[in-house]
């Protein structure tokens with residue numbers, strides 16, 4: 001198995017083989033599949049993210065779900081090791097932030113238990129729900145601090161998410177998204193890493 005550093009390097013090289021137009025086309029397929037998931041359709045509050053140029057593009061999905069009346073919350077990096085959530089209520093709630101990407105500047109959101117679904121990017125994912133981030137640990141620290149816990153089960157369709165929330169008060173269903181070439185056989189995982197409940201990679 002590759003180390004985390006080796007896997008990140010390999011994925012970066014794969015990304016360089018694709019143009020922005022190709023990544024945007026793949027993103028359309030991936031977000032289209034996300035929008036069809038029952039857990040997304042049934043959700044009231046969805047956590048998404050403002051994408052980096054080499055990540056699955058999310059703004060079209062953010063606009064779509066906002067237009068459908070769902071509450072959208074987006075991460076904002078506030079230090080080298082911490083992020084917080086801000087509500088999105090239109091593009092006026094966005095500004096250029098860390099890493100030169102758009103970040104939310106709307107109302108601070110702290111009702112973490114109200115998040116039905118969290119859509120989370122990563123450098124790589126495997127079939128067991130393990131996620132490799134960029135190495136900063138933002139998402140793992142945030143999910144741990146917010147009291148979220150990973151589960152070993154895998155749900156291909158996303159069905160039954162409401163039943164899960166009834167049985168696990170405050171549980172947030174975590175969906176990892178990536179391009180097909182970022183879905184690998186095995187991701188090295190540590191004890192503090194949070195597993196995804198399902199992955200969507202466009203395959």
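Just so it is clear, glycine is given a Cβ too, placed from its N, Cα and C backbone atoms.
Residues or ranges marked as ATP binding site by TrEMBL: 4, 5, 6, 7, 8, 131, 132, 133, 134, 135, 136, 137, 138, 139. Feature annotation from TrEMBL assigns substrate binding site to 55.
Structural mapping of features recorded in TrEMBL.
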{"residue": "4", "record": "ATP binding site", "DSSP class": "helix"}
{"residue": "55", "record": "substrate binding site", "DSSP class": "coil"}
{"residue": "132", "record": "ATP binding site", "DSSP class": "strand"}
{"residue": "138", "record": "ATP binding site", "DSSP class": "helix"}
How many whole Å apart are the CA atoms of residue 138 (ATP binding site) and residue 55 (substrate binding site)?
16
Roughly how many angstrom lie between the C-alpha atoms of residue 134 (ATP binding site) and residue 55 (substrate binding site)?
11
Which of the binding-site residues 4, 132, 136 has its Cα nearest to the Cα of the residue listed as 'substrate binding site'?
132
Under 8 Å Cβ to Cβ from residue 136 (ATP binding site), same chain, six or more residues apart: give me those in sequence order, or none if nothing qualifies.
80, 81
List, in sequence order, the same-chain residues at least six positions removed whose CB sits under 8 Å from that of residue 4 (ATP binding site)?
132, 135, 188
Top of the binding-site residues 8, 132, 134 by count of other CB atoms within 10 A is 132
Pairwise over 4, 5, 6, 7, 8, 131, 132, 133, 134, 135, 136, 137, 138, 139, annotated as binding ATP, what's the top Cα to Cα distance to the nearest Å?
20
Taking every protein chain shown into account, which of the binding-site residues 6, 55, 138 has the largest tally of Cβ atoms within 10 Å of its Cβ?
55
